[in-house]
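Enquirer: Relevant sequence annotations retrieved from TrEMBL are reproduced here:
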DOMAIN    18-169  domain 'DDH'
DOMAIN    245-330  domain 'DHHA1'
Amino acid sequence: MKNDDILAIKELLATPKKIVIIPHRSPDGDAMGSTLALYHFLLKENHQAVVIAPNDFPNFLAWLPSSETVLIFENDKENCIKIIQEAEIVFTLDFNALHRTGEMEHVLNKVTAPMIMIDHHQKPDSYATYTYSDTVFGSTCEMVYNFISYLGKKEAIDKTIATCIYTGITTDSGSFRFPSTTSTTHRIVADLIDIGINNSEIHNLLFDNNSYNRLQLLGRALQNMKVFPELKTSYISLSQKELDEFHYEKGDTEGIVNYGLTIKGIEFAAIFIEHRDENIIKISFRSQGDFDVNQFARDHFNGGGHINAAGGKSYESLKKTIEKFEKIISETKQ
Ligand code: 5GP
Ligand code: MN
């Protein structure tokens, strides 16, 4: 982070402010962990802070400290718009472009208060007054740890803040297995454990909370998997009918895409999920090695993300979307 920016932000935060903190739409562990970590820190520093999420977060994150205070824009638009308009500082966390907040984009475009972006995605837009963006980090949570440290407030990181930070580091690193996991990541985690987080319990809360239906849905997803060994590619699809059959709840499909990569020799995996209510096919891409799924998602499926993890969407039917995908991979992958 630029030294001048740190000084300017220190100055901004020197007196109590009304602050809004915003994660991306369909917030994941890193988005919720980073926004709530910052929220708890700012409260400790005597600011008035609130997290406003564009839409609801999945149940497996509902145990996060103070998640019950998070406002959901979609459910409470008038109130949220008023709070955003009155904010003296707006933080945007874990996304690189305002359209990642869905409908909130129009409200955020009109913000005149200073905006601070903390994010680790490629190609950040330039809407923020202060941009702390670096793809070298595996998670925004790791950056929030740095951000608080840069402000000279590292000692303010208590068990609550550390728990939120650990959550995002864990989920965005695939439990410390993705290449973005560095020795620094582990040093930060060591510090969080010293601060008193219960790392083992956090893993249980995040990953050992399946419903029977969710596991059955996973079973169906695995049965639907198609594998193209010569293209080192596999994909999974789930139709709305299948989601309904297993009483789909938000978060139930989280992580399923990764199973494609667990097949020996597979380096590129995708999942296509039909969302009738939004009339889109939500797509996730994952890769191992050099294949750049961020570029793939940008080029073909209205999306983006990181080199090894990206997402996108399609406005065509599930069948047509999959046909298009098969055509592209057969033409572009050797
Ligand atoms: P996921 O597949 O878990 O939804 O997302 C993987 C990564 O890609 C995350 O970092 C996420 O923020 C990013 N991502 C997901 N969907 C989109 C999208 O539609 N556009 C962009 N730019 N990034 C996305
Ligand atoms: Mn993230």
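Think of each number as a place in line: the chain as shown, counted from 1.
Using the three backbone atoms N, Cα and C, a Cβ is placed for every residue, glycine included.
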Enquirer: I'd like to know the mean pLDDT over the domain 'DDH' (18-169).
Expert: 98
Enquirer: Taking DSSP states H, G and I as helix and E and B as strand, how many residues of the domain 'DHHA1' (245-330) are helix, strand and coil?
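Expert: Reading the DSSP string over the domain 'DHHA1' (245-330) gives 29 helix, 24 strand, 33 coil.
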